Amino acid sequence: MTMPSNRFQKGEAVMGRWPGSSLYYEVKVLSYDTDTQLYTVIYKDGTELELKGADMKRATGFRQSGGRSRSRSRSPSRRRSRSRSPARVTRRSTSRTKEAPKEPKPKDVLEVRVSPLAKPVENNSNNKHDKEVNDTSSRVSEKAEAVLEKNRVGTRYNLRPRKEDPMDQLIEDLQKIVDETLSEPEKQTVGKTAELEFGGKLGAAFMIVFLPAVTFVLLLMCQQKDPSLLDFPPVLPELDTLWDAGVFGIVALWFLFQALLYMLPVGKVVEGLPLATGKRLKYRINGFYAVILSAAALGVAYYQDVDLSYIHDHFMQFAVSSMILSSVLSVYLYVRSRWAREGELAPGGNSGNVIYDFYIGHELNPRIKSFDLKYFCELRPGLIGWIVINFSMLLAEMKFQKLDTPSLAMMLVNGFQLLYVADALWHEEAILTTMDIVHDGFGFMLAFGDLVWVPFTYSLQAFYLVKHPNALSWPWVAVILAIKLIGYSVFRKANSEKNAFRRNPTDPKLSHVRTIPTATGKSLLVSGLWGLVRHPNYLGDIIMASAWSLPCGFTHILPYFYVIYFICLLIHREARDEKQCRKKYGSAWDEYCRQVRYRIIPGVY
Ligand SMILES: NC(=O)C1=CN([C@@H]2O[C@H](COP(=O)(O)OP(=O)(O)OC[C@H]3O[C@@H](n4cnc5c(N)ncnc54)[C@H](OP(=O)(O)O)[C@@H]3O)[C@@H](O)[C@H]2O)C=CC1
Ligand SMILES: CC(C)CCC[C@@H](C)[C@H]1CC=C2C3=C(CC[C@@]21C)[C@@]1(C)CC[C@H](O)C[C@@H]1CC3
């Protein structure tokens, strides 16, 4: 074990950052592990930790606290501490006797420190971190001082029941303060977005125009007799035919109906992952009830002879109304984000550029009281609306093609996509660990994506089949079903295993999995499907997407738009996730990539 020449030597006294905070303490270097590139250090109270070099600094340049302090940050060091709790209240009596004094003697001094037993010192690097460290320790000492004062008064006048040894009670009170203070949400700020994605400001401006335009063109092509790329561009409709107040009313009512279902006090309430502030938001899990109740409402409408093919007949007007709704929502989201507290902003949508932040989403979790707008929009009006649209296309096909029953192709497309949506809402809780909820702000991209892109482009196969029937042989149906089944199995198994592992890594059902530990304390799955490729859930989803297009035959490429777009989306998404995971996990992620070389498709880097 050779120490790297440029860093710390064995036995050297340096300053080590305490994990989970930015408090620096005097430590002594015990050893260095060349594999993990971690130093083993020992604190004054005997706590041994493994720290990254970046979490250690030379004592020069530090001075005793009393000045500025550091803001807290999640130190990615691995902890191998002998002491259970990172914060300990200790009693230091000036008398040398071993046994605890029976009565609090004036000379007994109760010292509350955030362990290890060293005063936090200041890193003279003039960075803004220093403030929080002293804020933390000053919050602890203020509260402790209040308890000491109360105790002095209490002891003097015996104001409250005391344990046999008053000092023990006092220590217990002080320990509670230290624990509470350290568990208080960190007042972390969300820094400016340094790296702009999606082509930066220009890319964002382009997408705000491009996405609605593509949606329009796809729908116009789909309703042509020959939706061939050779017959491009499609004939543009009269502008006044694109707006219908009655259609907009139906869209608005659908949105409100889904909002009502979302607010139903049924289903469990779960917490999301911790935010930058340390807070965890609560989410009502009742999406599957919404699917059931929406299907029931659809059934009632159908049996009440409501002509549901109306949606197909006014499809462009429905798309325009949804675009207007998503745009109004996006403007509302951006305006309200101007008043959001800094800790509530999205790390990826805080560039300071209006267009970019409007597109990506400036606020991370915009809520109206407990109504989470991003979570609601991602899973309810658009996703369930997609299924309603598919059903409308099925009825329209029977009317247009004069069929007594839907075609096999239409039934396959409706069934496959109904399974996909029902599965998403059955496993609704898993959405809470996706990057859209955890990292991305709620802006035009997701508002348009949820309310327009999903219901109107994901239903393209069903829309195509209304006027472009495609007969299927039973053997070919069997092949398509097998492809769907394989895709769904890979998708579901990968997502469920990863989500179960993230929720409870010690789950006995997961005792067989192999993992790579990381300095954050979380581990990475590296066995089974997660040992095959780094995003097996994406692989399963893409396989399913191909099964959605195959029933439409091979006459036109239009029904394959979704699988083509989806592959592009997931490749881009995987790259974004890769960058975030490398930042989160450092060398552990590099090791994961060394062991699992393929990103999404086996054999393809
Ligand atoms: N139909 C559609 O339009 C779309 C569908 N989807 C589907 O949604 C599902 C979720 O997608 P998405 O949120 O993008 O991706 P993931 O569910 O894969 O979430 C990515 C996160 O998972 C964690 N992770 C990655 N690798 C591992 C590992 N080896 N072990 C443990 N945790 C790991 C990391 O977070 P951490 O370690 O911090 O927990 C990473 O940031 C996918 O099945 C995808 O196909 C996604 C987008 C669009
Ligand atoms: C149009 C833009 C360029 C991109 C918009 C992307 C959105 C449509 C998707 C981003 C992540 C999504 C997820 C799902 C639907 C599509 C969006 C919103 C799911 C809910 C689909 C069902 C899966 O089981 C879970 C997915 C989570 C991510």
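Cβ coordinates come from backbone N, Cα and C, glycine included.
TrEMBL annotations: computationally assigned, not manually curated.
Some features that TrEMBL has for this protein:
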DOMAIN    6-64  domain 'Tudor'
REGION    55-145  region 'Disordered'
COMPBIAS  69-95  compositional bias 'Basic residues'
COMPBIAS  96-111  compositional bias 'Basic and acidic residues'
COMPBIAS  127-145  compositional bias 'Basic and acidic residues'
TRANSMEM  202-221  transmembrane segment
TRANSMEM  241-264  transmembrane segment
TRANSMEM  285-303  transmembrane segment
TRANSMEM  315-335  transmembrane segment
TRANSMEM  438-460  transmembrane segment
TRANSMEM  472-491  transmembrane segment
TRANSMEM  512-533  transmembrane segment
TRANSMEM  553-572  transmembrane segment
Subject >> Cβ-Cβ under 8 Å with the transmembrane segment (512-533): same-chain residues at least 6 beyond its ends >> reply: 38, 52, 74, 76-79, 490, 493-494, 497-498, 501-502, 505, 539, 584-586, 588-589, 591-592, 595-596, 598-602
**OP:** Determine which residues of the chain contact the transmembrane segment (315-335) at the Cβ level, with the cut-off under 8 Å and only residues 6 or more beyond its ends counted.
**Re:** 212, 215-216, 219-220, 223, 237, 241-244, 247-248, 250-252, 255, 354, 357-358, 361-363, 366, 373, 377, 389, 442-444, 447-448, 450-452, 455-456, 463
Original post:
Mind checking which residues reach the transmembrane segment (553-572)? Cβ under 8 Å, same chain, six or more beyond either end.
Top reply: 218, 221-222, 227-229, 409, 457-458, 460-461, 464, 468, 470, 535, 538, 541-542, 545-546, 599-600
